[in-house]
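Q: The feature domain 'Cytochrome oxidase subunit I profile' is assigned by TrEMBL to C:14-534. For C:41-59, C:79-104, C:124-146, C:166-192, C:204-230, C:264-283, C:290-309, C:359-381, C:579-601, C:607-625, C:730-753, C:765-788 (among others), the entry in TrEMBL reads transmembrane segment.
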Amino acid sequence: MKRARILPPLALASASLSACAGPLSTLDPAGPSADAVANLWWVMFWASVLLFLLVGGLWALVWLRPGFGRSLAPMRWVVLGGLVMPGVLLTLLVGFALYIGERLLPHALADPPPRVSAHGIMWQWQFSYPDIAGAATTPTLHIPAGAPVDIVVTSGDVVHSFWVPRLAGKIDAIPGHRNVIRIQADRPGTYEGVCAEFCGDGHTTMRFRVEAHAPQDYRQAVLEAAP
Amino acid sequence: MSRSDVPPLYLLLIPLGFVIWSIAFVTLYAANAIGCAFGWDMGAQRMVLIALALGFLALSTLASFRIWRFWTGRARHQPAPAASLAQIGTYTALSALAASLGTFVPGLAVSLCI
Amino acid sequence: MSESPPLSPIRLHKALERIWGTGPGWQRLSAVNHTVLGKRFMLTAFVFFAIGGVLAMLIRAQLASPHAAFVGPEIYNQLFSMHGTLMMFLFAIPMLEGLAIYLLPKMLGARDMAFPRLTAYGYWCYLFGGIIIVASMLFGVAPNSGWFMYTPLSSQPYTPGINADIWLLGVTFVEISALSAAIEITVSILKLRAPGMALGRMPLFAWYMLVTAMMMVFGFPPLILGSILLELERAFGLPFFDPTRGGDALLWQHLFWLFGHPEVYIIFLPAAGALSTIIPVFAQRRIVGYHAIIAAIVALAFLSFGLWVHHMFTVGIPHLALAFFSAASALVAIPTAVQIFAWLATLAHGRPRFEVPMLYVMGFFLVFVIGGLTGVMLAMVPFDQQAHDSYFVVAHLHYVLVGGFVFPMLAAAYYWLPHVTGRQSVHRISVPAFWLIFIGFNLTFFMMHLTGLMGMPRRVYTYPSNFGWDWLNLLSSVSGFILTMGFALFAMDIVLHFRFGRRFRRNLWRAPTLDWAMPTRPTSYAFASLPTVTGHAEEADPDTLGPQLAGGQGYLGFVRKNRLETLGVDMTTGRVEHVAILPSPTYLPFISGALTTGVVLAMLFKFYIIALLFALATFASFLFWSREKGEREDCGPIAIGKGETAPPDAEVSGPSAYWAMVIGLAANGTGFAALLFGALYLWLVAPAWPPPQIVGPSLWLWLVLPALGLASLASRWAQGTNASGRDPRLQLSVGMGLDIAALIVLSLALAALPDPTAHAHMATMAALLGYSWLHAALGLFCGLNALLRYRWGYVSARRPLPLRLNLMWHDFTLVTGLLGVALILAMPGLIGALEAAR
Ligand SMILES: [Cu+2]
């Protein structure tokens with residue numbers, strides 16, 4: 001439970017939502033990128049619960065205690081509730097989200113991470129490994145665990161979207177364009193992926209699997225994986 | 001064919017602030033896209049964007065101030081709709097100024113082309 | 001002109017009803033009246049809502065359990081594409097148009113909208129377009145690329161059938177009708193109000209509709225343009241969106257969402273306008289923050305255009321640009337919050353009383369706030385990259401649209417239904433209906449947020465059972481049927497209301513707006529005489545005003561020359577400016593609508609010659625519109641009652657038709673700007689550039705400007721001649737000759753282009769010239785119309801409108817032609833510069 005590290009009081013709530021775990025669950029992160037987004041989600045979720053209770057409570061009070069709000073001048077209501085409160089909260093939230101977003105970008109690194117190419121066609125993904133000489137294209141994505149990997153996402157026909165929810169957000173595969181997403185699996189294991197952008201009759205079955213290997217086994221696994 | 005006391009042009013007081021915001025928005029977005037496509041130096045591109053944003057903020061401030069002065073001054077002595085339109089215009093111009101601060105300032109700190 | 005002696009209320013009613021009313025039987029097809037058409041729009045929209053609801057039920061039936069075999073992907077893709085298309089284009093937009101058409105004249109103190117025949121034409125286009133779209137389902141060829149039709153999936157190679165064409169042509173047809181409604185709504189609000197109703201005294205609902213209509217004016221053209229370009233690609237191979245030939249799939253996304261995001265607010269704002277009307281009535285207090293709310297909705301309108309890319313956070317746009325759009329998407333919550341708190345403050349400072357409409361307003365509050373909160377979440381780039389295209393988004397958009405539109409519309413239905421029928425409900429079915437809808441909705445969609453976070457993507461037709469989605473989907477499906485039962489109960493309640501409702505006298509809710517200062521059910525002419533507004537229009541007193549107006553004590557409380565008259569006012573001050581003379585019931589809108597349907601059907605089946613013939617027939621039918629209406633003599637100011645006079649609309653400088661042209665050209669210019677944007681966007685971003693061949697300047701290209709310029713000069717000359725009291729027919733004929741010359745030059749310039757199917761560069765250049773060609777052709781039509789109107793005696797030095805409209809059109813054609821040619825000439829330089837930098 002990584003998120004408990006940052007927001008301890010929420011551990012209880014998270015536990016009560018243990019139903020959230022699942023092979024495609026964004027709330028069951030297995031890498032730093034998905035983890036950061038899950039944290040952002042929980043912050044926004046609890047803030048939203050409070051705001052909903054506030055507005056719903058005001059609505060109830062207006063009816064149950066007529067005249068309770070008269071002490072606050074009409075325009076005060078508008079300025080405080082409509083401008084000041086959302087203004088402050090949104091400034092904080094936008095700043096926080098941009099900070100997180102900036103960290104997730106595939107910045108140039110002194111030690112460039114390995115690159116894998118994910119090519120979407122109707123209706124399957126083809127993964128190839130330009131960094132590894134002699135590696136063949138595979139239907140399962142192989143990555144080393146514990147370190148970032150850059151996935152170069154392209155399309156051979158229509159728009160697809162590469163999404164491994166437990167590792168990171170999604171990025172679209174757009175014909176003629178070349179998008180890069182940085183993912184990382186903290187531990188070796190198998191992670192499920194889907195095509196998130198509707199791409200025709202086979203959209204539903206355009207799923208794939210990510211196998212994260214211990215770094216020392218990675219090369220060998222890729223070389224052996226050819227179908 | 002009588003001329004109106006408050007010509008239809010006064011209606012433009014209402015969207016004026018946000019028209020400036022829209023032009024700023026499109027200009028900054030276009031400058032970013034052009035900078036990345038032409039491979040401008042990152043530092044130079046950021047400077048261009050900041051300069052543009054500051055320019056538009058100054059313009060937006062000026063517009064808000066002028067409309068506000070118009071509302072509190074001359075518009076008072078004109079037929080009622082003038083004051084009403086100037087009042088709404090002041091609110092929208094100030095909202096547009098705040099929107100400019102809120103839209104452009106946080107963005108200018110982040111990565112330009114990735 | 002002398003005033004006739006005042007009539008008794010009954011005789012006045014009979015006299016007015018005889019000229020304003022629509023006849024029985026087949027004559028219903030000739031209706032142009034806003035009350036009739038407003039009701040038709042709303043009823044038709046509700047029928048499409050019901051069809052869309054049935055589709056939703058089929059979707060939920062398929063998803064109720066894993067590995068369901070109810071339908072396969074081919075059918076399922078049509079189901080969700082049609083559900084979205086129906087709800088957005090055939091339910092929400094026409095419903096709000098219908099509400100506006102029904103209510104606006106009544107709230108503003110006018111007798112009808114500015115262009116009643118256009119209202120009717122818009123209705124027929126909507127109905128026939130909707131029937132084409134829905135009928136495609138019966139043949140199993142319904143659109144199947146999703147309601148936002150992403151290319152290249154919707155392009156020829158991947159959707160070769162007629163499915164996508166039905167969407168593109170059918171929706172464009174309906175959109176053009178919506179655009180004309182938007183122009184009409186804008187002009188009606190600005191010009192046709194009760195005397196004394198300055199803009200600052202206008203009811204908030206009219207402000208909301210004014211802002212909404214302006215958003216439609218600027219928001220729809222990009223989608224109409226995008227649809228035309230995509231249809232050109234599908235039908236003729238012009239590769240605007242084909243990445244292998246210099247097009248770009250992302251251009252479609254930009255054009256679509258440039259429309260698609262404002263669309264959400266276009267749907268929300270009228271609903272919020274209804275709320276701003278209903279809440280003060282039940283709070284028994286004037287709305288708090290009138291000016292602040294107007295500023296908020298203007299802010300909302302602009303901000304909503306600045307966040308179209310928030311549907312595109314995962315397409316690989318630089319983070320800096322995403323940051324702008326992310327911040328704008330978050331900021332849009334502020335004007336929304338301003339309205340929410342203004343409504344709360346109104347209730348807190350009023351003496352609220354709880355009636356059925358308020359029950360539905362409560363539903364709006366609770367549901368919409370949740371939608372707004374998840375909207376802010378989705379505005380955050382990293383979170384959106386997880387939630388995008390998942391069921392979280394499905395949940396969010398239903399919370400926003402059902403919360404922000406359906407619940408307010410239900411409240412509005414219970415509030416205004418007595419106005420429509422003259423009856424009040426006796427059964428309290430509305431209450432159990434509310435609870436079924438409210439509970440059913442939340443049970444269906446609330447846990448769907450979690451379904452999305454658990455990784456379920458949108459638009460999958462089935463799912464295996466090992467992802468933990470089973471119980472969530474089952475819950476949504478079962479609850480969906482509770483929701484449906486609620487709506488069925490609502491429909492039943494409406495029927496019972498019509499059948500068994502108890503009659504009431506005036507102003508059921510003790511409302512302070514002019515729409516209740518008339519008999520209910522409303523008469524065809526709305527006001528027997530027009531009110532004067534001396535204070536704020538939201539503080540009127542319908543109870544005393546109504547009988548006075550019915551007794552003819554206001555303006556125009558008489559019938560003159562069997563003309564349908566209402567007052568036009570100065571846009572800002574609301575001072576009486578002219579007498580607007582409106583058209584009588586006529587079959588022409590129906591005929592034109594049927595002919596336009598012929599154009600659409602012929603294009604659908606690729607019979608382009610037949611389509612062209614239908615288009616010519618449609619324009620010919622418009623000339624008959626022109627022939628029916630007008631004044632054959634200068635008559636100067638005429639009496640309007642209360643001892644005052646005003647000139648008729650033909651004799652003032654700014655009548656409704658003039659402003660309609662101004663706003664229409666603004667919409668047209670937006671479409672042109674979107675085309676320029678497309679050409680430059682492809683140059684900057686699209687793959688497969690530079691093009692194999694670059695369009696250079698040709699002789700014909702250089703001749704385009706002189707031809708368009710001379711045509712514009714001739715129009716100016718014609719107008720000047722007429723203004724000095726002489727016959728302008730020679731000048732008009734010269735202008736038409738020059739239009740034909742421009743058409744020939746443009747045709748030759750088009751023919752001189754390299755093959756436009758080879759590369760998007762050539763295709764966009766051809767589109768720019770094609771745009772000018774089309775406008776020169778329509779210029780010819782404008783000239784012909786002016787010529788004929790002169791011949792029919794509708795034009796004089798004091799009645800110069802057709803010549804002014806002709807000039808405006810030609811000037812617009814010249815300016816856009818100038819910009820288009822300038823871009824074509826600049827392209828080689830631009831392409832060279834970009835290549836040098838690469
Ligand atoms: Cu796919």
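Glycine is no exception: its Cβ is also placed from the backbone N, Cα and C atoms.
What TrEMBL says about a protein is an automatic prediction, not a curated fact.
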Q: Could you pull out which residues elsewhere in the chain have a CB under 8 Å from any CB of the transmembrane segment (C:579-601), counting only those six or more residues past its ends?
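A: Non-local partners: 19, 22-23, 27, 29-33, 111-112, 114, 116-118, 120-121, 123-125, 127-129, 132, 169-170, 173, 191-192, 556, 563-568, 610-611, 614-615, 617-618, 621-622, 624-625, 628-629, 631, 638, 640, 646-650, 655-656.
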Q: Quick one: average pLDDT across the domain 'Cytochrome oxidase subunit I profile' (C:14-534), no decimals.
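A: Averaged over the domain 'Cytochrome oxidase subunit I profile' (C:14-534), the predicted model reaches a pLDDT of 93.
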Q: Answer yes if the transmembrane segment (C:765-788) and the transmembrane segment (C:607-625) have at least three CB pairs under 8 Å among residue pairs 6 or more apart in sequence, and no otherwise.
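A: Taking Cβ pairs at least 6 residues apart, the transmembrane segment (C:607-625) and the transmembrane segment (C:765-788) are in contact, with 3 or more under 8 Å.
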Q: Per the definition of 3+ C-beta pairs under 8 A with sequence separation of 6 or more, do the transmembrane segment (C:204-230) and the transmembrane segment (C:290-309) touch?
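A: They are in contact.
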Q: In the same chain, which residue numbers or ranges, 6 or more beyond the ends of the transmembrane segment (C:290-309), come under 8 angstroms Cβ to Cβ?
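A: Non-local partners: 204, 207-208, 211, 214-215, 218-219, 254, 257-258, 260-262, 264-265, 269, 272, 276, 317, 321-322, 324-325, 328-329, 331-332, 334-336, 338-339, 342, 379, 538.
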